[in-house]
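Novice: Could you have a look at this structure, given as structure tokens, before my questions?
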């Protein structure tokens with residue numbers, strides 16, 4: 001990721017900025033300072049690491065925007081305004097493409113807003129789209145269908161984003177998120193087709209597989225009646241495992257194929273065919289209408305006193321049966337006032353899809369800052385425990 005190293009800084013007074021980039025305030029913890037940065041509608045932190053003889057400046061991982069160009073521009077402006085002596089830099093903006101908006105790459109909040117619009121009557125979801133060949137084929141074949149791709153590798157998301165732009169597509173969403181998280185966000189009876197093509201088998205670690213008993217239940221919940229989940233794999237053991245998971249559902253209609261020809265193939269499939277490997281397809285068709293999943297609650301804190309937090313905060317983990325809370329770090333905002341404010345970095349929620357958030361505490365109030373948690377069962381339970389911990393007076 002882009003960064004630069006400086007031997008000395010000007011330490012300008014906040015706020016300052018230029019060229020559409022604003023640096024509004026900072027918060028410090030030990031050798032780290034977080035710089036609250038805004039450029040257009042984007043807000044995030046730059047991280048300044050004091051290594052005694054030099055300062056390393058880069059983007060904070062938790063709030064990092066998807067656009068590499070946005071990060072590079074913010075770092076470049078900060079460097080030009082607040083650096084006295086520069087040692088090294090890897091933030092050169094090579095071309096305008098790096099500043100271009102990643103039109104199809106959405107975060108979880110943007111994804112939910114898109115779903116609320118109801119623009120498309122049909123939804124396809126592909127987990128692990130890789131090079132995007134199959135996903136783009138589906139989007140091009142039926143432009144009235146919203147095609148959602150989930151991929152953990154950011155580079156793949158960026159490459160497919162550029163391909164979708166070049167093809168002039170308007171019905172694609174790319175999510176650089178965990179598939180289990182995305183599945184939990186989808187409404188019941190909302191998806192027409194769900195694809196999982198050539199997943200990693202994880203032969204020695206079944207827990208890391210996409211498919212599980214819980215995944216099968218979630219597939220049945222999110223699929224419309226008549227909707228389908230389609231696995232395509234060259235691994236017979238994974239195929240058998242998938243069949244067993246879906247057969248454990250109360251109702252299951254399944255079709256199984258061997259070496260079936262499809263109109264589009266992935267680069268992995270092309271490789272396996274050249275090696276004369278068998279290809280297996282499992283198609284599960286949903287026959288039921290599921291109840292809507294309704295969650296009640298909010299992420300408000302109420303009164304929170306800074307002095308109480310300062311007196312009891314420690315790096316600790318609270319573990320419960322189905323969620324956890326990790327109090328990671330506390331930063332103090334720079335301010336001329338006595339109580340300038342605190343910034344807490346926390347992780348919480350489900351063990352397999354944790355949230356990472358900042359909590360801003362000032363004027364006896366607390367709120368999630370920049371990124372709010374998703375409304376999930378585990379997050380609500382974790383928030384309740386976190387609220388109790390932060391609001392509990394030590395006096």
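Including glycine, each Cβ sits where the backbone N, Cα and C put it.
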Novice: Which of 151, 203, 206 does Swiss-Prot put in the same S-adenosyl-L-methionine site as 126, 178?
Specialist: 151
Novice: Out of 126, 178, 234, give me whichever of these binding-site residues has the highest number of other Cβ atoms within 10 Å.
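Specialist: It comes out as 126.
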Novice: Give me the count of other Cβ atoms within 10 A of the Cβ belonging to residue 151 (S-adenosyl-L-methionine binding site).
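Specialist: Around the Cβ of residue 151 (S-adenosyl-L-methionine binding site), 23 other Cβ atoms lie within 10 Å.
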Novice: Over all pairs within 126, 151, 178, the annotated S-adenosyl-L-methionine binders, what is the largest Cα to Cα distance, rounded to whole Å?
Specialist: 12
Novice: Going by Cα-Cα distance, which of the binding-site residues (126, 151, 178) sits nearest to residue 234 (substrate binding site)?
Specialist: 126
